[in-house]
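Annotated region 'Disordered' per TrEMBL: 1-22, in sequence order. Feature annotation from TrEMBL assigns compositional bias 'Pro residues' to 8-17. The feature transmembrane segment is assigned by TrEMBL to 28-51. Here TrEMBL flags 220-352 as domain 'Peptidase S9 prolyl oligopeptidase catalytic'.
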Amino acid sequence: MTTHAPESPAPATPEPARPARRRRVRRLVAALTGLVLLVCAALGGVGWYFAGVATQVDHSAEYPLRITDVGNGTVTLPRDPDTERPGTWALAWPDGRALLGPVVGGDRATVVRRVASVLKGTPAKGARATIDHWLYEGDPKTALGLAFEDVAYPTRVGRMPAWLLPGTSPKGTWVIAVHGRNAGMAETFRAMKPVHATGMTMLSIAYRNDVDAPRSADHRNHMGATEWRDVASAVAYARANGATGVVLYGWSMGGAMAMKTLRADPSFVRGVVLDSPVMDWSATLDKQGDARHLPRLVTDVAKRTMRYRFGIDLDDLDQTRFAPRLRTPVLMFTTAGDRTVANRPAFAFAKAAPPGMVTHVTAQGDHTEAWNTDPAAYERALASFLARVGR
């Protein structure tokens, strides 16, 4: 008989310290949650900031250049894409301005341009200055020698100032000119002589939050989402004063406002002229965010913030969605070097519109500079369009 010694019990496996593990997991989850909340808060803060920047009302002048030299009917400026560009431009400084002629010299660092005429003041070496594509300042009489009246048209936020340039008759089709974001009625000077030559009455309007105009309740720029109502009020003013139809003429954001007005009530609109228009604010904000080297996520948050903070529906400001239903002729100018507004939506709009409804003129230059780079071609296209729709 074999006797077996009793087996030794197997060594016990220690149980994990469950409470300690749970504490570690809880700390990890809390840390991750805190990190996520921190990132979300940071994104929200940056988005809030840039939503505020995009809607800021700012009419201050900037003078990024310094005049290097002056003499012999010329001015010497630092060489950059603006100072060396061919075309018709003004040089503005804090207390004066001059019309510039062609480039007549320079070197790798500087550009020498002829001074065609000094409109105000005297350019001086060392003075701060800027290239101004509006050309003129003042009013239609002092700038262009055109008779005009200072008028005011009623809106929901108060009486808005405007320049009324009489045509051959108060009846007929009026041109209502709408400047761009943070600009002023002087932006419309370049169109005044061509419009005047047609005999049409022109109304160049200020709108809410302009200099010397009533403010909106929040004193914010709403990308045209609310400002278009002032354009509609200007149309009503024209109608009450003899107009039998209108052509809406908008630059940059003024183009978005013109399109919103057309969409709201096309019955009195005979045509629309768009100069470097914002046809899709979402795409334009993406472009501007990219130029500031912002991550696209930050731009997206800023765009969403604009909706919740200011009630701006960017989808409703995408004019390309309206293009297939367009029934009003449109003349549209875009520039190849536009650094401000996304051009792709303008091309998409022209392509999606019914055949023959959009005349799309492409030009060189930067934002709203189609006239400056080739005034004669611009004015030919404008005169032809107005002759067609302004009858």
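Note that Cβ sites are derived from N, Cα and C of the backbone, with glycine treated the same way.
Those TrEMBL annotations? Automatic predictions, nothing curated.
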Fill in: Model confidence over the domain 'Peptidase S9 prolyl oligopeptidase catalytic' (220-352) (mean pLDDT, whole number)
97
Discussion item. For the domain 'Peptidase S9 prolyl oligopeptidase catalytic' (220-352), how many residues does DSSP put in helix, in strand and in coil?
Written reply: 73 helix, 24 strand, 36 coil
